């Protein structure tokens, strides 16, 4: 774009406005013109035809000619010399203001993309400029869609606190610059952790799928213990062989359910049936033991009672023999007197027969 267009009769006399317009004079910047010179001149002529007469904006406001939003225009009908209108370029939300449908590449687009490089006094080589011109603004299409997602991932991983979102399409990591030949040593002040702000359409060799795989690679060992046990079962270890009979019987239901996470439903049902069988067997053995113990107690008591009965029988026999002895002795004593009166002595309380 020529300098005559930037200097019009309606240019305001404010020094700040003049400095603002002169900062965007495109004649100061070097743009590669071998392959795209004719295309750039055609776009410039088309943009000049669409430029309104009352505007002195350095960038055309027609969106098919440029994907960069137009700067605040200075027309005599609207005198808005607010400072916030002049500071639209350094704002962090610059990539979000771009129309995602405009894909035309103009010298203005290339200059705006290379502002970050020329600001440090290290202009890139011409072939790097061509690569940046070809792929830089393709990433601007989804920049405002992925800006919130990058901020959310930045909050989730606070170790990437060096994240900066200046230009989503310009790679700042030294690994990302490996895809561009001759680009090492470029941007020494922007080698930050830029893993999570890469756009899906960015020409960087590090794709979001690789970043996603790299992110999940660190969290892979934190799987569920039941799932690891399930992989162990597939390695030849049966679910019934993982626990002994004593462990199944003594283990609580909550602990058993925690160990059975990751197994199939059939294996869980089979193991619980085995546990129920073992518990029933334990209950039966306990009842049998109690019955045997009670039987032993009863048998011991019976033996004691039998012994007591034998002792009582022996006592009865002894008393019977003693009785017979006393009876014979009494008969001998009565027979020695020589007379016996029938029934006379039986009624006498003093006779021995009275007690028999």
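Every residue, even glycine, has its Cβ placed from backbone N, Cα and C.
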- For which of the residue intervals 244-269, 270-295 does Swiss-Prot record region 'Basic motif'? 270-295
- When Swiss-Prot marks a stretch as region 'Leucine-zipper', which of 100-121, 298-319 is it? 298-319
- Ranges 18-48, 49-79: which does Swiss-Prot label region 'Disordered'? 49-79
- Counting by DSSP, what is the helix, strand and coil composition of the region 'Leucine-zipper' (298-319)? 22 helix, 0 strand, 0 coil
